[in-house]
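Since the structure comes first, as structure tokens, the remarks are kept for the end.
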Amino acid sequence: MASNGVDEQIKLVEGPAGYVLEDVPHLSDYILDLPTYPNPLQSNAAYSVVRQYFVDEDDTVQEKIVVHKDSPRGTHFRRAGPRQKVYFKPSDVRACIVTCGGLCPGLNTVIREIVCGLHFMYGVTEVIGVDCGFRGFYSKNTVALTPKTVSDIHKRGGTILGTSRGGHDTSKIVDNIQDREINQVYIIGGDGTQKGANAIYKEIRRRGLKVAVAGIPKTIDNDIPVIDKSFGFDTAVEEAQRAINAAHVEATSVENGIGIVKLMGRYSGFIAMYATLASRDVDCCLIPESPFYLEGKGGLYEFIAKRLRENGHMVIVIAEGAGQDLVAESIEQQDASGNKLLKDVGLWMSLKIKEYFAKHNVMDITLKYIDPTYMIRAIPANASDNVYSTLLAQSAVHGAMAGYTGFVSGLVNGRHTYIPFNRITERQNKVVITDRMWARMLSSTNQPSFMNPPKGTTEFTD
């Protein structure tokens, strides 16, 4: 029997010394007298040697680990992992997986490990993949997924299920979940996708359905808050090195050579910052969070000329969302997911630098522009991201089988946790330019901060 309380997703449990647990919803919150079953892992020979494999219900993970001695204990999240009791009989489980939004290294690994985790750890045999994002739910496009069909997909880029932006119709999606008798839904996507997943969870709860909704957060830009990082990010940074290395070779092979590399980062410059730190060949890194200006004392043009006179070459890394206020009126258009369409700041920057140096007869330059954006996101995950994606997928499976719903699995301070949907969709994670990591990057490039444009120049307004 179902109870009311669709909006009761935020579950706060308070304890002594300022302890707060931001708990995730559970099927038992709105369905009474749910039966439980022994976890099949108890009889799984592979796990018989693992001591204390099951997670204690009281285990939580602290959100902030750097505190003062008198600070309150702060916010915690429920620790991820298998429980001794599960709320689904494996023979009754009919699970589905959907991928939405842009591509990202590791998508196929997550798909594979959800399928294999359900099958080998819990004995679930019915798993289907939903084709091409949310709209696949109501366009009748599905594919059967078995350990055999997904055995080597982690070696490929992209997603075997296809993906799309938009197409979210909550009522139609839940109607089809109900019609197909699906009782576990795994949704892989970014913040927009997880907002859609939250809407699906709420509608399922409103209808009183025994359906667990689990999210695996995905963004190559690493702009999802709370979690340590997104899967695919390490691969993206590693692959970005190839473009930066090529730009460095081009720049050093000619007199006054400039190499410009545009990397992904619509609103957050993490890929650009970490790729710059990893490369050590970059002279200037420009990201959306750090304003800059072009002309005048201390501007970008002056810095480029200075660096060329000193070294005879220069490499610039720019995130796709950097300097949009400097670009001629940005277009007021959005993609199907509601993301603002940006002008190509890398191409614009290349043209502006060429024009300035020619117009002012500063010096002859040779400029090469490299845009590896889609190459970076379309490759398979590296070893680190494959392991990370595996653990995220397995955590989601453990959570759904244990009856949790309306959550994403994520790494917080090195521990896998279950996080309420609202916590990862309420804001975007951004580079903090007053933080140590940005200072480390500045010390690597020795670039100016560009924070104080002189009078008479065009200022960047945040």
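Cβ atoms here come from the backbone N, Cα and C positions, even for glycine.
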ATP binding, same site as Arg165, Gly166, Gly190, Asp191, Gly192, Thr193 - Swiss-Prot member from Gly102, Gly106, Gly257: Gly102
Among Glu113, Glu126, Glu320, Glu426 - the residue Swiss-Prot places in the same substrate site as Thr219, Ile220, Asp221, Met264, Gly265, Arg266, Tyr374, Met375, Ile376, Arg377: Glu320
Neighbour count (Cβ, 10 Å) for Arg165 (ATP binding site): 21
Least surrounded among the binding-site residues, given as Gly166, Gly265, when other CB atoms within 10 Å are counted: Gly166
Rounded Cα separation (Å) that holds between Gly192 (ATP binding site) and Asp221 (substrate binding site): 14
Among Asp191, Asp221, Glu320, the most crowded of the binding-site residues [Cβ within 10 Å]: Asp221
DSSP-derived structure type at Gly166 (ATP binding site), helix or strand or else coil: coil
Nonlocal residues around Met375 (substrate binding site), in sequence order (Cβ under 8 Å, 6 or more apart): Glu239, Ala243
When distances run from the Cα of Ser71 (phosphoserine) to each of the binding-site residues Gly102, Arg165, Asp191, Glu320, Arg377, the nearest one: Asp191
